[in-house]
Amino acid sequence: MPKITAARVVVTCPGRNFVTLKIETSDGVYGVGDATLNGRELPVVSYLTDHVIPCLIGRDAHRIEDIWQYLYKGAYWRRGPVTMAAIAAVDMALWDIKAKIAGLPLYQLLGGACREGIMVYGHANGATIEETLENAAVYAAQGYKAIRLQSGVPGLKGVYGVSKDKFFYEPADGDLPTESLWSTEKYLRSAPGLFEAARDKLGWDLHLLHDVHHRLTPIEAGRLGKDLEPYRPFWMEDAVPAENQASFRLIRQHTTTPLAVGEVFNSIWDCKQLIEEQLIDYIRATVVHAGGITHLRKIASFADLHHVRTGCHGATDLSPIAMAAALHFDLSIPNFGIQEYMRHTEATDTVFPHAYTFNDGMLHPGDAVGLGVDINETEAAKYPYKRAYLPIARREDGSMHDW
């Protein structure tokens with residue numbers, strides 16, 4: 001059996017910071033995993049280096065579930081984004097190793113393909129509704145069947161999801177957190193008009209999505225969901241802060257707009273009530289934040305019992321390693337819904353060469369063995385770590401608000 005002989009962490013910043021774990025075995029086979037936690041990368045590096053890697057050496061690389069349980073239960077201070085990102089990186093790397101030894105693309109070890117490809121959604125944004133829709137039309141012309149719409153809000157200087165670049169968005173943009181002002185009322189007056197204009201310009205064949213980014217109260221979210229109903233959005237994402245799962249019950253009482261949440265969740269316990277009571281339609285837990293493929297499969301299986309589909313987070317704070325892992329997962333589960341997809345920069349793709357491809361609105365992980373992605377450490381070394389914080393938001397009276 002292949003024994004783990006070495007493991008190391010590589011940190012690189014080809015436009016944004018990524019944390020990669022590389023595990024080597026006695027067979028000469030290695031695997032890679034993503035441990036990136038946007039804006040808080042170095043704590044995960046420390047956790048891996050000081051606490052996880054020493055415990056891996058000498059272990060059987062095939063015993064993925066046992067190693068997962070060892071790292072989760074053995075820590076005692078379990079869960080949380082740092083711990084679960086570290087476990088996720090180990091898990092991805094071990095699945096990569098197992099599939100390479102088997103000579104198969106990972107999705108074949110996960111039960112084989114349930115579909116021919118993975119429907120993804122792109123991000124269209126702009127300072128105005130008109131600019132957002134112009135960019136959405138570009139995505140539609142590229143073959144996307146689903147597009148997330150985010151637009152500037154009149155009277156607010158900066159808004160979540162609206163970037164300087166039309167197609168690349170990195171919110172962690174400052175050596176210290178940048179601040180923006182927020183007005184819920186201005187936003188609620190503006191958002192329905194975005195979707196009305198979108199249906200007029202783009203038609204009804206496209207799936208349209210929207211991210212509220214945890215900024216509303218339950219009753220405000222119910223109001224927005226109700227206002228959006230005539231335009232049939234695919235989902236309303238992260239309508240309220242995710243900590244209070246009971247909030248979604250109130251939203252459900254006021255709207256039939258589908259609800260999605262979960263990118264900040266770290267385990268099945270974070271979403272158990274939401275899924276069990278069918279308070280959401282899509283669970284957005286992601287492979288790098290929720291403990292890797294092993295644990296994400298358990299979340300998906302539980303969700304499948306309650307008719308909840310997956311819609312995994314897939315912004316550029318996931319490296320191509322995590323994106324590849326997500327695609328193998330997506331391809332293999334019965335209750336897949338949709339996958340977020342933001343293209344990486346050319347520099348990032350050079351650091352992380354990968355086999356997955358986009359065609360006609362869908363991604364496919366490819367048939368290379370393992371995850372089908374690697375890290376070019378020579379290229380990675382050209383881009384040293386650069387401290388970057390996520391922004392913060394304040395209300396117009398100066399008080400803090402959820403970003």
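Indices start at 1 and increase along the chain as displayed.
The backbone N, Cα and C atoms fix where each Cβ goes, glycine too.
Within 10 Å of the C-beta of Tyr160 (active site, proton donor/acceptor) we count 22 further C-beta atoms, all protein chains included. The active site, proton donor/acceptor feature in Swiss-Prot is assigned to Tyr160 (among others); the stated evidence is similarity to another entry.
The annotation active site, proton donor/acceptor is assigned in Swiss-Prot to His213 (among others). Within the same chain, residues at least six positions away from His213 (active site, proton donor/acceptor) with a Cβ under 8 Å of its Cβ are Tyr160, Gly161, Glu237, Asp238, Asp402, Trp403.
Around the Cβ of Arg284 (substrate binding site), the same chain contributes Glu237, Asp238, Ala260, Val261, Gly262, Glu263, Phe265, Thr310, Gly311, Cys312, His313, Glu340, each under 8 angstroms and 6 or more positions distant in sequence. Swiss-Prot lists Asn38, His123, Glu263, Arg284, His313, Asp317, Glu340 with the feature substrate binding site, giving similarity to another entry as the kind of evidence.
If you look up Swiss-Prot, you'll see Asp211, Glu237, Glu263 marked as Mg(2+) binding site. Sequence-distant neighbours of Asp211 (Mg(2+) binding site) (same chain, 6+ apart, CB under 8 A from its CB) are Arg148, Gln150, Tyr160, Gly161, Glu237, Asp238. A strand conformation is recorded for Asp211 (Mg(2+) binding site) in the three-state DSSP classification.
When other Cβ atoms within 10 Å of the Cβ of Ala315 (site 'Important for activity and substrate specificity') are tallied across all protein chains shown, the result is 17. The annotation site 'Important for activity and substrate specificity' is assigned in Swiss-Prot to Ala315.
A Cα-Cα distance of 9 Å separates Ala315 (site 'Important for activity and substrate specificity') from His123 (substrate binding site). Taking all protein chains in view, 26 other C-beta atoms sit within 10 angstroms of the C-beta of His123 (substrate binding site). Highlighted in sequence order, Thr286, Gly314, Ala315, Leu318, Met342 have their Cβ within 8 Å of the centre of the Cβ atoms of Asn38, His123, Glu263, Arg284, His313, Asp317, Glu340, the residues recorded for substrate, and are not part of that set.
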